[in-house]
Structures are given as C-alpha cells and as structure tokens.
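Visitor: Have a look at this one.
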C-alpha cells in the first residue's frame, strides 16, 4: 500500500506542474554555478557550493509535493493507507524520490558541461554524498513548512526561505559545527580536506534532518 501511495503522490505532483518551479530554479542555478567551466580538480568545491545552496530548492520541491493533495484527499489517503503512519511515510518517500532525481541532475549535468575535464572519482563520490545530505536537509525543511504544519502560505513560504537563510547564517558561527554545517562543507571542499572531514560534517546534518522529520511526523498526528 505504501508503494502504491507513493506512486499516487508522485503522479498527482507531476500532473499539478508544481515540479516545474523548483526544476526551473535548479536549472537556473546550475547555469550560474557553471557559467565558466571549473577545473576538474576543483570539482569538490563546485559540488559543495551547489549542494549547500540547492537545499532551498529541495525544500521547495518537498513542500510543493506535500501540499499537492487537498486536505480532504489527504484524509482519504490516510484512511485508505490504514493510518497516518503509512500516509506520512509515503509522502516523505515521494519527496525523497523527487529530490533524488533533482540531486542527480545537479551532479550529472556538471559532468557533461560544467567541468574542463573528468573529475577524479573520489570527488564525484563526495559530490553525490553532499547532495544527498542536502536532500535530507531540504526534505526536513520542506516538510516542516508544508500546509499540514503551516496552513497559511503567508507563513509557510517565509518559514521555508527564512529557515534556509537561518541555516546559512548559523553555519558561519561556531554553533554551526554541531547543527547543519553548510559553510563548513564549502570550506572543507575548497581547502581540500573534505574527504577527511566528511564523516564529522555528515553526522550532525543527518541527526538534525532526522530530528526535523520526526518532529514533522509527530505534528502530523494532530494535523492530518
């Protein structure tokens, strides 16, 4: 049932054309990032910058997907799935599917047109991991600003973009090391220490993203 519900949510999201908005912004940002081809040996830095700034795109895509169904339809989906847990899981699973596709574009397109040569395999792997961390962060941010949690668009959109801005600003500070260290991704990549630092950068990112998703799931129990 969960897989079928994921497919249903993906189909509804596709038909609504909501995907076009974050997709357009992603393409535009990639055009800006790679307007000048980067040296292949600097691929890690380019990927780190891309992953950090695309968090807001992934959050936007997640929020749009979770907002696609009308409230009444979401209640019906919950009943058909046998309870809120499966409906929530399906929604987050659909968000993961969409954003993994967007992240794949952000990794593959530069390999075709963004670099002066083929980057080392280790740097490509680092780029993949950083974009997956960005996807996790974006889904948590998008879910917490979605309509079931924030019914008013006047509040949800500022929460999404304001939340992303806050993540960036806090990551400049010493506290950012134990939150979501976006700027530290970028610094480590540009300093050539990303390979060694990645586990310490990934751990707080995954923990806080998981905390955000747990908070979303708990809030959804009272806000179907």
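Each residue, glycine too, has its Cβ placed from N, Cα and C.
Just so it is clear, the model here is predicted, and its values are computed rather than measured.
Marked as transmembrane segment by TrEMBL: 20-40, 46-66, 87-115, 121-145, 157-180, 200-219.
How buried are the listed features, and what sits near them?
Guide: Tertiary neighbourhood of the transmembrane segment (20-40): same-chain residues 46, 49-50, 53-54, 57-58, 60-61, 64, 102, 105-106, 109-110, 113-120, selected by CB-CB distance under 8 Å and a gap of 6+ residues from either end.
Residues 9-10, 13, 16, 18-19, 21-23, 25-26, 29-30, 33-34, 38, 91, 94-95, 98-99, 102-103, 106-107, 110, 114-115, 123, 126-127, 130-131, 133-135, 137-139, 141-143, 145-148, 156, 160-161, 163-164, 167-168, 182-183, 185-186, 188-190, 194 of the same chain sit 6 or more residues outside the transmembrane segment (46-66) yet have a Cβ under 8 Å from a Cβ within it.
Below 8 angstroms of C-beta separation, residues 41, 43-44, 46-48, 50-52, 54-64, 66, 91-92, 95-96, 99-100, 102-103, 106-107, 111, 156-157, 159-160, 163-164, 167, 180, 185, 189, 194-195, 198, 201-202, 205-206, 208-213, 215-216, 219 of the same chain, each at least six residues beyond the ends of the transmembrane segment (121-145), sit close to that stretch.
Counting only same-chain residues 6+ beyond the ends of the transmembrane segment (157-180), those with a CB under 8 A from a CB of the stretch are 52, 55-56, 59-60, 63, 137, 141-142, 144-145, 150, 204-205, 208-209.
Within its own chain, the transmembrane segment (200-219) is flanked in space by residues 85, 88, 92, 129, 133, 136-137, 139-141, 143-144, 146, 148-149, 177-181, 184-185, 188, 194, which lie at least six positions past its ends and keep a Cβ under 8 Å from the stretch.
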